[in-house]
Every structure is written in structure tokens, then in C-alpha cells.
Amino acid sequence: MAEQLPPELKIPEISRFINRANQVRTYKPAIAYWCDYRALNQIVSKGLHSASPACGEYAAVLIERLENTKTERADDDAIVDNAAGQAYVEQFAQETFDRAERTLRANKVTRQTADTFDAAATFFDLTHEWGTPEPAILQKIKFSKWNAARILKAIREGNDPNDSNPKLENDDDDVVELDPNDPEVQRLTGAPQPVTIQDVPETGDGMTSEPSPIAQADMQAPGEPYAPSPMTMSPAPPQPPHPVPPTQPIDLPPTMSPDVVAPSWNPPPPVPAPIPVSYPPPSAPATVPAPVSNHRDLNQAQKHAKWAISALNFDDVPTAVQELRNALAALGES
């Protein structure tokens, strides 16, 4: 998004989702959609859309972007279907997490690894839109944030971040001891086996030949405190997603016409006299003045109406009532 974040919105709960949305918008539009959606919900739930005119304008731009995306990508289930969207977000977050963890296991972490861990935490955080994430996801969020902060701290202090890498458990810790006299063991250990592609160690951060926008972004320190993850425990394996009905996408009210025109009025035809009796001519009806509302008032009313709908999505009835009153006030109604 080209628009600059207003100062009131430059908080981690909002800015990190906007930043990631801008990074992946061209090659992962569904992820960008849910990042924008999460940012908008954070703005509305915290009441920041009314913090300043700039915040209100920014929230309106986000709403318009979300609605346009839904219209332009109506055939993308990851955008228009909540269950598919949740599964898609979790899968992409897991892929990002796995890429960072592979580098960690290889003791080849760099500044880019910190950014990848931070991105994984942000994408996993999107699952809050479908309810409280499962413990396994919460653990990965915690683990990712802690590693991102740890790596950056070591780099800032001039240390090798690999020296403080946590010791991760291997999947094959419980290895059964083999009998060296077993013929099968002798056959396996007697001569070197051909090298397969699985045997080739990964280098770098495990990036594919097509670098993602995340890999090209400059890393910045995480904007919120990080809780350390257990040093000797690997993150819990991913669990199958259990969709929870999320906050419904924001429905916009019908667009209002900028100009309100009073209905035309035609005087009734004169009633023919049944008898030749003279009557005074009927008085002309008073012309009903058209209500006067300028373009700015209508725009303000539309914005307050949209914010009222957003508040209802969070069951925030008091805010919705207040915003509807503000909309009526903008139209000159008390």
C-alpha cells in the first residue's frame, strides 16, 4: 500500500501485518489479503479508526482494498472461503517456519534467518482470525519471535548468532544400538553408499532459486517483546486445523449518492365543480426545500456506517451504536 501509516497506527499489532502484506502482495495475494484483514480488525477493535482523520482515511482505504480483492479474486477459495483461507495461511506459515528452522539446524543462521523467523511468527499470528490458535501454533509463534530477537541481538553485539543456537532434538534420538556382527549391518557399513539428493546438506537459508520478497527485504528489529522458547525442545508438530468461524468479512453499505435531491411535486388537478358555484382558487402548495448535505458530510456518514459494521463484527454494540449516531449527525439528523 502506497499510503503512509499514520503515527497512531505505527504499533507492532498493526504495522507488522501491513509490512508483510506489502512484501507478498504480488506473489501471494491471499496472504496479503489476510494480513490486511488482520490489520483492519486490529485498528477497529482498538478504536484507532477514530483516533485522527488520517487514521480514518487509512481504515477506509483498507476496507476498499479488501472489498476490491474479494471482487477481483472471486474464484480464489483462500480469500472467499474461511476454511480454505485458514488452511492456506497455516500452510504458508509452516513453510516459512520450516525454511528458517532448517537453517537453524544447520548452524548457518544470518540476519535473513531472523527476518524469516519474524515472518513466520506474523503469518502464524493470522490464525487468530479463526479463534484461539492451537498450542502447537502458539509455541511456534513464541519460538520464532525469540529466535528472531536472539539472532539480531547477537549480530548487533558483533557475535556469531550460531554460537547461541538452541539445541534442537533430532527425530532419531532414540536409535536402537546395532550389532556389528549382524550381516545386514556389515553390508550397510562395509562400503560407502551412493549419495542421494537427501544426503546433500542445505546451504544458506534454504531459499529456492526464486527468492521471495521476504528474502530481499531489509531486516528490522522486532517491534514487540519476545518471550524465550525452551532451549531443548523443538516446536510441537503441526496439528490438523480445526476451523473456527472467524470474524465475518466486512460488508460495506451501499454507496450513497453525493447529492440528495428532493422528490418533485406536481399540484393536483383542479376538482370540477358539480354545480355552478364559484369557489376561491386553491392555494398553491408550499415548495418542500431539498435537504442540504455537502459532499464531505456524506463521505463522513459513509465512513461512520462502515465502522459501525466493523464494530458489529466484533460484537462491539456500544461502538456500533455510537458510529451510527455519528453517521446520522453527519447527515444533519439528531
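Keep in mind that glycine also has a Cβ here, set from the backbone N, Cα and C atoms.
Annotation source TrEMBL lists domain 'Vta1/callose synthase N-terminal' at 14-157. According to TrEMBL, the feature region 'Disordered' maps to 157-265. The compositional bias 'Acidic residues' annotation in TrEMBL covers 170-182. Here TrEMBL flags 235-256 as compositional bias 'Pro residues'. Under the heading domain 'Vta1 C-terminal', TrEMBL lists 296-331.
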Overall pLDDT for the domain 'Vta1/callose synthase N-terminal' (14-157), taken as the rounded mean: 96
Secondary structure composition of the domain 'Vta1/callose synthase N-terminal' (14-157) [DSSP: H/G/I, E/B, coil]: 121 helix, 0 strand, 23 coil
Helix-strand-coil residue split for the domain 'Vta1 C-terminal' (296-331), DSSP-based: 32 helix, 0 strand, 4 coil
